[in-house]
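Feature annotation from Swiss-Prot assigns transmembrane segment to 22-42, 65-85, 87-107, 128-148, 158-178, 190-210, 225-245, 254-274, 279-299, 328-348; the stated evidence is sequence analysis.
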Amino acid sequence: MLYYLYEHFHINIFHYITFRAILAFFLSFFITIFIMPKFISWAKAKATQPIFELAPDNHKTKNSTPTMGGLIYITSAVISILITTEFNKYVLLTLLLLVYFTYLGFIDDYGKIKGSSNKAGLSAKTKFLLQWVGALVISYLLIKVGFDTKLYVPFYKYPIFDMGYYAVIFWAFIIVAMSNAVNLTDGLDGLATVPSIFSLFTLGILLYIVGNYKFSSYLFYPFELGVGELTIIVFALIGALLGFLWYNANPAEVFMGDSGSLPLGAVIGFLAIVAKSELLLIFIAFVFIMETVSVILQVGSYKTRGKRVFKMAPIHHHFEMLGWKENKITIRFWIMALITNLIAILSIKIR
């Protein structure tokens, strides 16, 4: 909306991505800050979080905490995005992805609330299938709008090969994997929120580079016209997440629920694809990947050997079972996320 003020009235400041990104940050932050208390008051009576029966004992006290807070911060971010961005093909695809995965998460959350059980809601198979459907459609549309299908690796400036239409499957895998990875990480107060902010900030830098001809040429990144607008989406999400963290910090007044974690992970995966940094996710999303790998190892070991690798998975529960306090686990995971994202940022120049 603001970009079109520049086009029609020549208000030059609205032309700059940096200005609109900062504005998007503040808009989504304050919308979330002001709306969330009203949502929490309503959700205390209508939408509390059912706690998994096998969760550590200290989680039982969280049974009355409202969930679906993700609906508020995603809505705040979308409002901010609609106000501050130029609607190009990448912006529209990102919005479509956000809306689809938020709706999918909402259906799952709603089922759990109505069923009064963490096992209610969508079945794992149904949710997984619907995630793949959405991810495949978005990935296919990304190719149809002419996006480059070459694959790049960290610390190397040239593409290793062109994936062609196989990119649809690879990109869909990235989106689904990240969606579930953030969902698995969202088990402690603030645990998924801050690493998501770090990941988004790193992706914001990468997207700005890929969308800027001078910077992309200097740093040997492929140039993609229009990708720079996604930097604004990144800052809208960061602002919304910081507003959410105000209420999600320990002791949490609200949880993001699948309504927040599924779209958040999906958009991190999608933005990494558009930033030509899919494989750099090993650093950008290290904490999320670590949590996911811990679950894969636990399930695989139990099914093949009848033994568990960890006391409980995802791995943050393992540390809880060892007697670590929730805040200590959360802050240490935040530190890991910060360090690995700094490595990812360093890789921009070391290529």
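Easy rule for this one: first residue shown is 1, then count along the chain.
Note: Cβ is positioned from N, Cα and C throughout, glycine not excepted.
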> In the same chain, who gets a Cβ under 8 Å from the transmembrane segment (128-148) while lying at least 6 residues past its ends?
Replying inline: 89-90, 93, 96-97, 100-101, 104, 122, 165, 167-169, 171-173, 175-176, 179-180, 222, 224, 262, 266, 270, 273-274, 276
> Among 87-107, 190-210, 254-274, 279-299, 328-348, which stretch has the highest count of C-beta pairs below 8 Å with the transmembrane segment (225-245)?
Replying inline: 190-210
>> Counting a contact as 3 or more Cβ pairs under 8 Å, with residues at least 6 apart in sequence, do the transmembrane segment (328-348) and the transmembrane segment (254-274) touch?
In response: no
> Looking at 22-42, 65-85, 87-107, 190-210, which one has the highest count of Cβ pairs under 8 angstroms to the transmembrane segment (254-274)?
Replying inline: 65-85
>> Can you work out which residues elsewhere in the same chain, 6+ from the ends of the transmembrane segment (22-42), have a Cβ less than 8 Å from its Cβ atoms?
In response: 2, 66, 69, 71-73, 76-77, 79-81, 83-85, 232-233, 235-240, 242-244, 246-247, 253-254
